[in-house]
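Working notes for the structure below.
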């Protein structure tokens, strides 16, 4: 029953009432509405009393009929639309729920608990949805769906936030988590309690009067109300005390039958105090647990590997997420992010540099994502449950995707037999999570050092913010190693650096035609207009334009002056396909841009579209030509034939028996330019370790940039295109792919040096390493140091740290950007308080040690490969 506008329940604030036996009750709480009197119907209408006034509603059919007849017949169209909109708005307002009736579930929940529950629920929902799509739409086996959730449960148990019996604190009151909340329903509960007592008194009084033997005496005394109220108050107090004791203490049975934990929920006026069975440490760990798309990639990839899929790479899972195959919405990504503004207000975080806050949409190169996946795999120790990856099967899949002859696969396998490769996603030869922090230790860290702890998870030295991007780790993924083998195979087989590159015979493989096909298929995959791509007279511009300062640099205004800042992680990466995450399936508004469709949904679910996206473009373009043949009438016929040409059955050379016959260009093989020195690639285990070690050698961003920048001037156009295109396919930065190529190249061209380094490391013999010690930009001193492994090892896989043969202080890498005096000196902005003597002393303190490239990179090649 709808009430009048000013009728409102005094107990709960509801607006709906029901009439029963002459009384009006609230539909929401059942409270009695006292100011109500039911009247009789008169004159076809109904009268209701609200407060002290009367509202009379009459039905007059004659007047209504006359009013309708008097309305104009031909109304303007605008007026008709206006009246229709008014009626529709009135109807929607009547159907809408009033604000007083709407109870939000998080109104009575603390913000941190509500945010924590949202993160766990949203991430679990994404995992369940991804598993369902993999099984029911992409035709993976059903056990994948179970392995995904089981892997996530194992991750939560490792971080001690699975909320199981082992994480409960028992009966120790000091370790329990106590939630102190505001009782938002205090006034409502107080009104309901008064109304309940009032109704209980009336009921008890009537029962006492009907059962009493001296009922006539009570009626004749004149004070019946006083006696009944006193009796009702005494009974009500006893019942309330017993009910309060039962409501406050609730027994919760744990997995251990001999132990029971009391959960105390006490409401004291405006404050509600809930003493839970969980420990405070578990809640703190759960609040800073890593839950982002990088962790989603790690869980999905490990679950697929645990299900027996050996050829699925990390780059495949990343590409599926970017292609919107799992239909992850922006809202879901927003919910799994940590509450950064709240943490900044509490003083836990100084700057917005939290792991999953700076870049939530996977705009990272592959080596950045591999860091998170490696931490996940090594922390949970999943190597025993994951199927081992085979180099042969992954190489065969790569050759098939690129439409290369089968002879290329045999040559790649020959190279792998000469130079064995570790293709395990664990990356134990490169890094060890025990050298830094695992996932459980990161979750237990203090919030203010949580981000730096994640970046130094492999034992790197903490750096300043201005030079940190040069010192971060670059991990070589199995995807990058496969591309390195393919590049070296092509360079040893064909003369990529010369004008003439293939035999003039239709039976043999033409590498130039294949490069042209690869270029067109990549542009088709990127979404270019193929009617323009296959015309020789048309120029097709690139879709992605590099920013002036680089993708990792931000331009902003600070106090009216332009500033450029660098992010610690390599965020903003767009050298991949697709360049951004697509939210087409979950967006509410259609796109306004003319984007070429990448095929039907049924075609996108084919296994070829999942595993061989480059090869799948022939299906996409073939369907596009069938739908609109007129658009492709004026294209170059030779380019069209090259696009659909099959190169898998072609021969590369004649029958081969020796290494020189398999690789005819090995005799005249030329090395690209390499730097003479390498820097910013060593780090002590901790600041408190002696300067002689233990020291870790790693591949840094600056060393990769120096290596690629030095060699780029000697690249041929064919090799430059292949490096860019193959890096684009796996979504990796080309500097990491080229670093892997140089390491593989050193194993083949400098095999004696590599073997000597390997023997010295296994026998703990000092390795002579030339160095240059720089005090300023012009003065340097040559040095020689001996490098040995920290402990005797019997396998290269056990190599972790190094030690220097003698103590010296010059190996400390102190970049010039840390010292503010030197920054001011170089910018010619010396403050008045800084004297020339202080500037000279600062220059003498700045020391930088550069290592000989060939020897140092040879040590990394032995360790990484």
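Glycine residues also receive a Cβ, built from the backbone N, Cα and C atoms like all the rest.
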Matching range for Swiss-Prot feature annotation, region 'B-linker', among 100-111, 508-519, 520-531: 100-111
Per Swiss-Prot, the range holding region 'Disordered', considering 233-261, 552-580: 233-261
Lowest local Cβ density (other Cβ within 10 Å) among binding-site residues: 26, 29: 29
Residue 12 (Zn(2+) binding site): tally of other CB atoms within 10 A of its CB: 20
Surrounding CB atoms that lie within 10 Å of the CB of residue 9 (Zn(2+) binding site), all protein chains: 25
